Amino acid sequence: MSLEDKFDSLSVSQGASDHINNQLLEKYSHKIKTDELSFSRAKTSKDKANRATVENVLDPRTMRFLKSMVTRGVIADLNGCLSTGKEANVYHAFAGTGKAPVIDEETGQYEVLETDGSRAEYAIKIYKTSILVFKDRERYVDGEFRFRNSRSQHNPRKMIKIWAEKEFRNLKRIYQSGVIPAPKPIEVKNNVLVMEFLSRGNGFASPKLKDYPYKNRDEIFHYYHTMVAYMRLLYQVCRLVHADLSEYNTIVHDDKLYMIDVSQSVEPEHPMSLDFLRMDIKNVNLYFEKMGISIFPERVIFQFVISETLEKFKGDYNNISALVAYIASNLPIKSTEQDEAEDEIFRSLHLVRSLGGLEERDFDRYTDGKFDLLKSLIAHDNERNFAASEQFEFDNADHECSSGTEEFSDDEEDGSSGSEEDDEEEGEYYDDDEPKVLKGKKHEDKDLKKLRKQEAKDAKREKRKTKVKKHIKKKLVKKTKSKK
């Protein structure tokens with residue numbers, strides 16, 4: 001039989017092939033699409049061109065938001081960039097008519113409205129989304145009650161949207177209070193914030209405080225006192241702490257000091273609000289100290305801001321002029337090196353702002369009626385900590401001598417009297433006039449620390465003289481094991 005006859009005689013089992021086909025069909029049946037073909041929807045594709053950014057802020061998504069504002073008549077046109085920063089760029093624009101602009105039938109484009117100078121001018125703040133420089137925003141949002149359900153730190157677009165809404169709400173709160181001048185907020189859309197433009201004419205922005213040409217020395221004092229008064233009004237009336245107050249975030253417009261850039265501002269209930277307030281006071285003092293005027297101690301300004309009532313103040317607490325006059329005549333000037341040392345201590349203090357930071361004996365004093373308000377109790381505790389730190393820095397040597405004499409006298413007494421005194425001390429309350437001495441290696445004197453370390457080295461050196469060598473110790477251990 002030839003090879004061709006043998007090939008013709010070969011046959012494939014039909015049952016085996018059907019079984020294989022059924023297995024393949026069962027395996028891939030869920031991937032077979034049986035619905036009708038749809039040619040209307042094109043396949044969506046993500047490309048880098050969708051996030052192409054111009055001037056760090058203008059990407060296609062942001063341009064659509066701006067176009068929608070033009071369509072709704074919020075703004076008429078967008079002009080050049082006024083300023084750039086770590087979180088946003090600010091652009092100039094003219095206000096729209098509030099209606100949709102008319103489209104020219106011949107050209108198919110929007111009709112350009114003539115700017116006669118009578119229309120309002122807007123500042124458009126556009127936050128950076130794709131190219132972020134300022135990423136450490138979590139500490140300004142953490143603990144903020146208003147944004148407890150809208151945190152998204154991992155998605156930059158959602159985070160910036162929350163950040164823009166936060167500034168809009170803070171700016172609106174300050175503007176509606178009427179006690180602190182601020183630009184009027186107009187609208188917010190995602191990462192685009194529209195507000196009033198503070199202009200000195202011909203489209204030029206009013207100068208920031210750092211660029212303002214002071215006329216005389218009295219004007220520097222005036223703006224310094226105004227800034228201190230603003231911190232109090234912001235805390236007491238608007239219930240906010242700026243958290244980035246400086247000469248860069250204030251504008252002089254029509255001889256008034258305007259407050260801007262309140263995106264990072266927090267409420268007094270925020271866990272770090274007092275730390276932010278202390279930072280604002282430091283920044284303001286540093287700037288005006290460079291301007292060559294006398295400044296107030298930081299701790300004095302802090303107490304002035306958080307105190308509900310002021311001693312010897314008979315005016316309106318919401319009146320900026322009355323507060324400025326009170327500041328100029330009542331707050332003490334920082335003049336000595338001791339005041340500078342007190343400021344350094346105050347910056348490093350842990351500020352008590354909640355019940356968790358107080359001791360049990362403090363609540364006993366509150367129960368006894370020695371404090372009318374919990375706020376005064378907390379303020380008193382801060383003052384006591386400050387006095388303790390000050391006493392430790394300046395009178396450390398005197399305290400060591402007195403403590404040494406007390407220990408010597410205690411050793412002479414018998415055990416029974418000592419135990420009685422211990423029981424009495426456990427029940428006694430501390431005296432307010434006696435400062436609380438800070439303990440621990442962190443607050444130890446440098447000379448004592450050096451002496452203690454040297455004594456420890458000498459003790460270890462003496463111990464090593466009588467120490468059994470390691471190889472000898474191993475031999476002895478091995479011998480004892482072999483005997484057993």
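We count from 1, first residue shown onward.
For all residues, glycine too, the Cβ spot is worked out from N, Cα and C.
Looking at SER17, SER150, SER402, Swiss-Prot tags one of them with phosphoserine, and that residue is SER402.
Per Swiss-Prot, the residue from the list SER152, SER403 bearing the note phosphoserine is SER403. Here the Cα atom of ASP261 (active site, 4-aspartylphosphate intermediate) is found 6 Å from that of ASN249 (Mg(2+) binding site). Non-local contacts of ASN249 (Mg(2+) binding site) by the CB criterion (under 8 A, 6+ apart in sequence, same chain) comprise LYS208, HIS242, MET259, ILE260, ASP261. Of the active-site residues ASP244, ASP261, ASP261 has the largest number of other Cβ atoms within 10 Å of its own Cβ. In the predicted model, the region 'Association with (pre-)40S ribosomal subunit' (440-484) shows an average pLDDT of 81.
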